[in-house]
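Per TrEMBL, the feature domain 'Longin' maps to 6-116.
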Amino acid sequence: MVKLTMIARVTDGLPLVEGLDDGRDLKDADFYKQQAKLLFKNLSKGQHEASRMSIETGPYIIEGRVCYLTMCDHSYPKKLAFQYLEDLKNEFERVNGNQIETAARPYAFIKFGPYLQVCPCCHCDWDSTDALLGQEQDMVTESNSQASCYGAGT
């Protein structure tokens with residue numbers, strides 16, 4: 001289950017929009033927000049990590065000048081989390097793309113918030129989940145095969 005989603009501008013760490021789950025785990029929300037803001041602060045200082053990564057804070061994608069971050073239950077498949085972020089990125093860019101650089105205040109795109117509540121539910125189709133998990137298993141197997149081929153000399 002997706003607990004928190006945040007979108008921020010990478011250049012200055014400005015949070016653009018956030019969305020919480022239904023509020024059942026509100027005690028954890030402050031911790032998640034603090035972790036996300038720390039990541040955004042580091043990114044704004046030029047401490048860029050990979051453009052697509054899953055860290056302790058949660059899976060994130062950096063596309064151009066924007067970071068899309070989600071925090072999920074540990075049991076939530078990473079493949080689904082990244083698919084959610086890709087869908088979110090596409091919609092956010094479509095709706096707000098030309099306004100991102102001019103946003104001057106935190107949470108300037110609050111009107112996009114309801115999409116953050118609806119979009120994770122689109123990734124709860126268990127037939128799709130099984131198919132994505134099969135792909136994820138293939139990726140892990142392929143990655144392990146490549147590591148054993150290329151890792152010997154390093």
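The chain as shown is numbered from 1 upward.
Each Cβ is built from the backbone N, Cα and C atoms, and glycine gets one as well.
Just so you know, TrEMBL annotations never went through curation; they're auto-generated.
In the domain 'Longin' (6-116), helix, strand and coil residues by DSSP number 48 helix, 25 strand, 38 coil. If you average pLDDT over the domain 'Longin' (6-116) in this model, you get 84.
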